[in-house]
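Accompanying notes for the structure given below.
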Amino acid sequence: MAGGKMKKDKPQRGSSAAGAASNPHFQGGISFHKSKGQHILKNPLLVDSIVQKAGIKSTDVILEIGPGTGNLTKKLLEAGKSVIAVELDPRMVLELQRRFQGTPLSNRLKVIQGDVLKCDLPYFDICVANIPYQISSPLTFKLLAHRPLFRAAVIMFQREFAMRLVAQPGDSLYCRLSVNTQLLARVSHLLKVGKNNFRPPPKVDSSVVRIEPRGPLAPVNFKEWDGLVRICFNRKNKTIGSIFRQKSVLSILEKNYRTLQALQLTEKAPSDDMEMALDVSTLGDLSMDDDGNDDDDMEMDDGDAKRADFKEKVLAVLKEGKFEEKRSSKLAQADFMHLLSLFNKAGIHFS
């Protein structure tokens, strides 16, 4: 509803109001497309619960993403000062405008038609949304990169994605997404939502999560941070020592090391909060999943003197921090921060 590509619907032969009424994926004559993530909340008690748990103030400007036909929108308008609704589907935009036209709520609703991942978001105090699940990761990090900081986001996610967001070290779902999100925000699970609360029902259950941005941002280069975390979680159940002995990993790090040496560059931390925020969106690229399979997973041999020296340099860092036998799946934020600082002190960088 709020993100992804929209295709024009081709008219069907023999289509009619009667045909629409017989289809369970229609509401008010509008068909919902599951392929586009259009799953409308139909349980009014659930809508009330989400609004109540959001902790909306009467002075809040609320951002809603993917409002659909406005079931949640109505409750948000009643709770806050105003609602800015971002909707991709022009049919839903018209339905939303039609629903509130001529009501006392209409002058407090602003509808933006467009892809939420591509449009510039205005100021808002709190985000409350039931989003298309295929945009979960990029949307989460777009929100966390938004300035000025908002107070909280209360978002419906696919349940497994939600549990990855809140996972802690040692949990089976603890992953790069967990580490990167929790670097930037406090994340908590609010409630589980069964698939039958939607029309049409999705294939999986959902969960509502609360995300509260941390401020100020951690003093870390986010590209460097994600470079390290990406390597560690590509083999999260292997020891850190085993991961950093891999030929592919050492090759990348040595290339960075030699390049920086040649250019005589010194790594500089971002100068202010806004500059750091620009890098936050890089954390949302989950193209390399946990425990992925690289073709080149061999440990580097010691045949070349320069390569052997660099390998020893890397392993010395791990030994200094006592990371050789530790596993990514058990490391906390502070551990990754310490490991990154040790590598950087040795002149080894990840971006």
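Using N, Cα and C of the backbone, Cβ positions are placed for all residues, glycine too.
In TrEMBL, annotation is done automatically, which means it is predicted and not curated.
Record note: among 1-23, 185-207, 1-23 is the stretch given as region 'Disordered' by TrEMBL. For the domain 'Ribosomal RNA adenine methylase transferase N-terminal' (46-215), the model gives a mean pLDDT of 95. Taken over all pairs of the listed S-adenosyl-L-methionine-binding residues (HIS39, LEU41, GLY66, GLU87, ASP115, ASN130), the Cα spread reaches a maximum of 20 Å, rounded to the nearest whole number. It is ASP115, among the binding-site residues GLU87, ASP115, whose Cβ has the fewest other Cβ atoms within 10 Å in the structure shown. Taking Cβ-Cβ distances under 8 Å and a sequence gap of 6 or more within the same chain, the neighbours of LEU41 (S-adenosyl-L-methionine binding site) are VAL47, GLY68, ASN71, LEU72, ASN130, MET156, ASN197, PHE198.
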